[in-house]
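Enquirer: My structure is below; once you've seen it, I'll send some questions.
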Amino acid sequence: MRVLLSLLLLSSFLVKADEHDHLYEVDEEVVLWMNTVGPYSNRQETYTYFSLPFCKGEKKEIGHYHETMGESLLGVELEFSGLDIKFRTNTKKTVVCQKKLTETDYKTLLYAIQNSYYYQMYLDDMPIWGMVGEIDNSVSPPAYKLYTHKRLDIGYNEKQVVDVNLTTDGRVDIRPGAELTFTYEVQWSKSEVDFSKRFDKYLDPSFFQHRIHWFSIFNSFMMVVFLVGLVWMILVRTLRKDYARYQKEDSLDDLDADLGDEYGWKQVHGDVFRPPSMPLLFSSCIGAGYHVFTVAVITTILAIVGEFYTERGSLLSAAIFVYAACSPVNGYAGGSMYARFGGRHWIKQMLLGTFLLPSMVCGVAFLINFIAIYYHASRAIPFTIMLAVSAICLFVILPLTLVGTVIGRNMAGTADYPCRVNAVPRPIPDKKWFVQPWLITLAGGVLPFGSIFIEMYFIFTSFWAYKIYYVYGFMLLVTIILSIVTVCVTIVCSYFLLNAEDYRWRWTSFACGASTAFYVYMYSMYYFLFKTKMYGLFQTVFYFGYMGIFAAALGLMTGTIGYVGTAKFVRKIYQTVKID
């Protein structure tokens, strides 16, 4: 009951309930919220809007907007603009305030214009973007001009806001001591856009549904067909020969069998189901991988149904909630596997599985948060949000993982292998260079990465640039393709390893699938150098820190997928052939 109450409180905390249904009466106030400013080259480095020497109107103060957890983690900092905007009431050019630039104000604005700073606002939850200023290179030396006038063209349909556009003007040269006059005007016009379609203008179908995107999906699908057929042809034919040879050996007398062909995967039947080295860590990684895969699939399905791009931070909030709610999956998978391995320190395994990924996230976030505080960026996570995340981990995720661990140990914690394990490990013979575990691991991630790298470009562009990702159906399809390709590749690699009489297939199959994340991280380096214009300590640490978290989560997921598929295959082949 306490766990259920905690989940209910968590859901109410993560998901912001609408205070109204976006309906307005004539002359009713429509609030314009100022969000953040930052360099156009990196949308993730943001600062509060009023960190620049702008000024508010004299209208009454509404107060700071209270963000949800997802919005806070994304650096949303909404503050009232002070502009007087009435529904369907035009406002002529009106002075907001007058301001005299000090030397500090001048240097701040000069830096913002030189680095192409832009700002973001929200009106009725609809985002608006505008540039701070421009550089006039037609004169020498170049003149730095600040936009001091905002014109808002707002479209309405009945009682709802369905469109908003910003035009900036009033280009004024900045210099110390300059007198600046900030103005705004509002024009309302009737629109035929339906309220449910008002966010369509922010989407880019020509980018996400380009024929290259469709071609990449088709190419990945054909790769799956080819790879599955290849695995079927190679393994079935090879195993059929192995079955025939081993059945022939079984019909020989002992003397002839001793002189027979003694090699292959059958020779390691007494060690193939031996627990791996570091079983506690291995079980925790598998449990965390199950957890990440479950969260990825459920969140993607929710995004397909819910259109999360229409609500700020809703995708991140949903992911946090789903991660917490799916914690029993982690405990069940990791706890049952550790019990089958004969592990006795199940509490340590449960704690490691619970905090394996959150500890990495918190470690990177702490480093980035420290730098963000130094830079006074809005990405600095508030202390209250840190406490909330800690409370979720301790009072929701940990108890649910404990429940899953106890159930897993009692329901699926008994080893039931088709072959008994020898008391003494069999020595591993020397192998050829191309079946070394490290080489198999590196080679195993190439094809899975090849099936998703085009989609990685679209995902990276959405997160690090100015595209709204909304084709979650593509993402779900690519996830399925990635799973199939990873399973096929790890099965082939593990069979080659077993055929070389090396029974250390558990860690190898996991690492083989997880190596996909290595190539994704390498691709992120290429993307950083050639597709972005990021620079400086904050942007570099932020990019590579969070890309490292993404790669780690992807590695746990693909490693688990590869191991699970290989484990079923290994169990099947040793069940098919009778081994005394």
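Here the Cβ of each residue, glycine as well, is placed from N, Cα and C on the backbone.
Look at TrEMBL and you will find 1-17 tagged as signal peptide. Residues or ranges marked as transmembrane segment in TrEMBL: 212-235, 280-304, 316-339, 351-375, 381-403, 438-460, 472-498, 510-529, 541-564.
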Enquirer: Using Cβ distances below 8 Å and needing 3 or more such pairs, separated by at least 6 in sequence, tell me whether the transmembrane segment (280-304) contacts the transmembrane segment (438-460).
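Expert: No, since the transmembrane segment (280-304) and the transmembrane segment (438-460) share fewer than 3 Cβ pairs closer than 8 Å, they do not count as touching.
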Enquirer: With Cβ distances under 8 Å as the criterion, find the stretch in 212-235, 316-339, 351-375, 472-498, 510-529 that has the most pairs with the transmembrane segment (381-403).
Expert: 316-339
Enquirer: Any contact between the transmembrane segment (351-375) and the transmembrane segment (316-339)? By contact I mean 3+ C-beta pairs closer than 8 Å, pairs at least 6 apart along the chain.
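Expert: Yes, the transmembrane segment (351-375) contacts the transmembrane segment (316-339).
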Enquirer: Counting only pairs at least 6 apart in sequence, do the transmembrane segment (212-235) and the transmembrane segment (541-564) share 3+ Cβ pairs under 8 Å?
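Expert: In this chain the transmembrane segment (212-235) does not contact the transmembrane segment (541-564) - fewer than 3 Cβ pairs sit under 8 Å.
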Enquirer: Taking 316-339, 438-460, 472-498, 510-529 as candidates, which has the most Cβ pairs under 8 Å with the transmembrane segment (541-564)?
Expert: 510-529
Enquirer: Give me the stretch from 316-339, 438-460, 510-529 with the greatest number of Cβ pairs under 8 Å to the transmembrane segment (472-498).
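Expert: That would be 438-460.
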Enquirer: Taking a Cβ cut-off under 8 Å, which residues six or more beyond the ends of the transmembrane segment (438-460) line up next to it in the same chain?
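Expert: Cβ under 8 Å, 6 or more out: 207-208, 212-213, 216, 219-220, 223-224, 227, 467, 469, 471, 474-475, 478, 481-482, 485-486, 489-490, 493, 496-497, 508, 511-520, 523-524, 527, 531, 558, 562.
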